[in-house]
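If you look up TrEMBL, you'll see 78-110, 147-172, 179-211, 213-245 marked as repeat 'ANK'. Feature annotation from TrEMBL assigns transmembrane segment to 388-414, 448-464, 485-505.
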Amino acid sequence: MTPLLVAASRQCWDTVNVLCCAGSDFAAKDLESSNFLHLAIRTGGDLMDMWRCSKESQSFTEQKKRIWAKLMNERDMHGCTPLHYASKAGNMRSITGLIDQGAVISCKDNSKQSPLHFASRYGRVNTCRALLDTIQGPFVINESNQEGKTPLHLASEGGHVKVVALLMQRGALLHRDYDGNSPLHLAAKNGFTQTIKLLLNVHSSLLNSENNDKNTPLHEAAITNKPKAIDLLLTMGSEVTENKERRTFLDIAIERSHHEAALAVVNHDRWKEILLLPTWVLGTYTLGFVRYLPDICMAALDRCAESSKHDPVSSDYHVTYHFDLIKTLPDLDSKTPPPPPSDEEVPANVQLATVPMSILLSMVNFQRVDCLSHPVCLRFIQMKWSKVGFWLNFFNLVVYALFLGCLTATIIMVGPAPLQPNTNQTNSSAALKYEETVESYKDQLLDYRPMLIAILAFIGYQILKEFMQMMQMIRHGHFSALVRHILQIIIFLNWGNFCLSVHLLSLNHALLLKY
């Protein structure tokens, strides 16, 4: 490196000015192909002072003047000109000097970024204005870099409101980058609410725009966990749609355990509208809360209990409970999302959402004791018990009592047949009485056959019921209570085997008496 390059890289401006006045070699470059202008501007040097010192030098010939003019647009190994670095730093004196001396503002670096891209990315509003005021300004305002991003994309991505406003005033178009993202997608992704407001105030059609993955700005805000952006987009009426993976923005927030994003939805005025929507991924959002975000589930349940405005000690004080969040899809009269054209199978979570009391069962399976003991859940269980559970259990108890009565009566009454007395009398009255008793025993067996059929039917029904419950639990991946169902089936099979054995032995005894 020459002394001029070393001085420029070390911010020794007095030395740089002295070397310029002394006629130092301007064309020298370092290992990164940077000339002294690259180094000086990158480290905060004043181009106008260096230009003044160079012109005052007696060795500043026409040839050096041409070299100086050439330095203005020379590229380093990154493809950047001095104007790129001046635009990045917002060095207005150097920018003005470079433009006045003929620097080209349409030059692009290796990433196809012009100085206007640099100024927009770093929020240099005065630099952007100076670049746009040139003759070439209108021609570079909508140019894209290697990612397809225009200066408006970069300004929105960085949340530079003043730059965004300036670019839109100067006629910046709403192009999409190569991923299909609009400037609003990038602003939402990084959570810049002021930029979101500005873009939507001018271009409201961007609110539900989709990129190549069918992600809306709401999806992008959920992916990066930006609760303020989510709250603003919902307030401005953003729709809840699915992306290519059939995920809504809240599906993404729940699966990634983004507490702040999910809480923003629960605390929003549209919370009930959104949380009651069916989802192809989770079945219902409450099931997702139970599995991934139990603390958000508690917050959602808190919103389902409304206290009256009366004094808590007043007799008029009351609490209204809303059970919509813990109901299943059939209870809400909701339809599951339509399956895609590829005949994809319905996910297990959607099937689970149609099972009665599925949300409470999930709380049990995932051991969410706090959620299960929430007043809303307790009131819901109490309501279900008083309306359905009590009467269903009472009916089962009555049927079971009848079954035990029939079983006991059958065992007691279907006893052994009377044996013939040990006597040699052939025509005695005892022999005649014995024949009558045997015939009565045969009639008794026939009388208790319907009772035995009823017992076996009850046992068959119970075995079928236990088997269906087992299949349902296996389908939904709940294996914790399978042992209990298996034991119940074994018990009922033993009872059936016992009843059949008693009856068959009695029939066999009767046949032996007959022959």
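Placement of Cβ uses the backbone N, Cα and C atoms for every residue, glycine included.
The list of residues near the repeat 'ANK' (147-172) in space but at least 6 beyond its ends in sequence, with Cβ under 8 angstroms from a Cβ of it, reads 114, 116-117, 119-125, 128-129, 132, 137-138, 140-141, 178-179, 181, 183-184, 186-187, 189-190, 192, 194-195, 198-199, 202.
Beyond its flanks by at least six residues, the repeat 'ANK' (213-245) meets 179-182, 184-193, 196-197, 200, 206-207, 252-253, 256, 258, 260-261, 263-265, 267-270, 274, 277, 280, 337 of its own chain at Cβ-Cβ distances under 8 Å. Looking just at the repeat 'ANK' (213-245), the mean pLDDT is 97. Taken residue by residue, the repeat 'ANK' (213-245) breaks down under DSSP into 16 helix, 0 strand, 17 coil.
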